[in-house]
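Engineer: Copied straight from Swiss-Prot:
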ACT_SITE  Ser102  active site, phosphoserine intermediate
MOD_RES   Ser102  phosphoserine
BINDING   Ser102, Asp243, Asp245, Asp247  Mg(2+) binding site
Amino acid sequence: MKRKYFGTDGIRGQSNIFPMTPDLAMRVGIAVGTIFRNGAHRHRVVIGKDTRLSGYMLENAMVAGFTAAGLDVFLLGPIPTPGVAMLTRSLRADIGVMISASHNAFRDNGIKLFGPDGYKLSDDIEEKIEELLDQDMTRQLAKPEDIGRAKRVDGDIYRYIEQAKRTLPRDVTLTGLRIAIDCANGAAYKVAPSALWELGAEVVPIGTEPNGVNINLECGSTHPAALQKKVHEVRADIGIALDGDADRVLIIDEEGQVIDGDQLMAVIADSWAADGMLKGGGIAATVMSNLGLERYLQARRLKLHRTKVGDRYVVEQMRQDGLNVGGEQSGHIVLSDFGTTGDGLVAALQILAVVKRQGKTVSEICRRFEPVPQVLKNVRISAGKPLEDAGVKQAIADAEAQLAKNGRLLIRPSGTEPLIRVMAEGDDRGKVERIVDELVSVIGAVRNAAA
């Protein structure tokens, strides 16, 4: 089924432009409320958001939709995405909602949905929601006496802070560590510095002054330069860069170098395997993860289970294969012993635990393998299907033959933007760059002809 509303991570788009309009947000509330309105009990939904300006608008629109469908709404305010997943379970809600466009700029926003178990919704349920969104839902509205109520929940962020702190081993404190943290002017601007301070660290926060339009603006995990500068400036032991909704993390070592999600997964997998905590004999990661990670794990008799791009697919693979570590190169790290979705703060705490226990620097701890040269370029498209063109297919086949067993090629449409992503990796950087440039040129020519 071709998706009209949902991408790889919920519904996303520019605020006040379809599909991210208050009208559709209200209809999503009605549709989702209708699907999860099962049984005679009073149904409830929790709604969290990040700090972008349009969050107020979409939050109120969704409240209207859910209450019209007869559900009670608990409003959490700004809180990390993993906090919404946790509180959906804790508050015995039927559905959880996070209003966020993650690492995107403030102009964008999105709607992420969680089931009562705290996991993101399956493709099947999303398809049911899509079907309802295109129907007249008047008959689905609650009777006047059954309309829902809405209330703001106080203290919810402190419950999440306690949950995050409990993931640090009890024999470890952060005393003696100077930690610079960039909260991207986003959802974790209160919780992350507080959690680190309560665990004993000296905390140097940046990106903690949201104003509605500065979320992810030259800060956070997609713009690590600000944190790199701060790490040098204050001589921090480590830098932690979160994104707008704090479900992803990158680390900056004491030398100012960026440590990506692949290296972080290697650290956690190694540490947990040594402690007998790693389940399933491996980890799950997407097709974007570096070949170097796969080779590193193979050398330790651990398996890398590759999935489609999107942390929800990583989680599905983890549940299917009994794994408890998974993630993405971009910094989504899922640790199912502690939660149901990516959690930047919790992942960072696991790295800090290894640093404290081994007494080594972050650069010594986190540089586990030499990444295979990887080149990623995007081709913007506005119409047509360039990947179905015969010339493009032949160019892809030729590229795969050139890489053979010494590399990988991945070409896919973005699930959140009008882009085709072209990625290749291999031991010969020159060859990889040439292959990517040739494919970008071929796809671009087909795009231009279609336009």
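Quick reminder: no glycine exception, Cβ is built from N, Cα and C everywhere.
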Engineer: I need the CA-to-CA distance for Asp247 (Mg(2+) binding site) versus Ser102 (active site, phosphoserine intermediate), whole Å please.
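Structural biologist: On Cα coordinates alone, these residues lie 8 Å apart.
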Engineer: In angstrom units, rounded to an integer, how far apart are the Cα atoms of Asp245 (Mg(2+) binding site) and Ser102 (active site, phosphoserine intermediate)?
Structural biologist: 5
Engineer: Applying a 10 Å Cβ distance cut-off over all chains shown, what neighbour count does Asp243 (Mg(2+) binding site) have?
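Structural biologist: The answer is 34.
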Engineer: Could you round the CA separation between Asp243 (Mg(2+) binding site) and the residue listed as 'active site, phosphoserine intermediate' to a whole angstrom and send it over?
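Structural biologist: Just about 6 Å between their Cα atoms.
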Engineer: Taking the mean position of the Cβ atoms of Ser102, Asp243, Asp245, Asp247 as the Mg(2+) site, which residues outside that list, in the same chain, have a Cβ no more than 8 Å away, listed in sequence order?
Structural biologist: Asp50, Pro80, Thr81, Ser100, His103, Gly186, Ala187, Leu242, Gly244, Ala246, Arg248, Gly342, Gly344
Engineer: Does DSSP give Ser102 (active site, phosphoserine intermediate) helix, strand or coil?
Structural biologist: coil
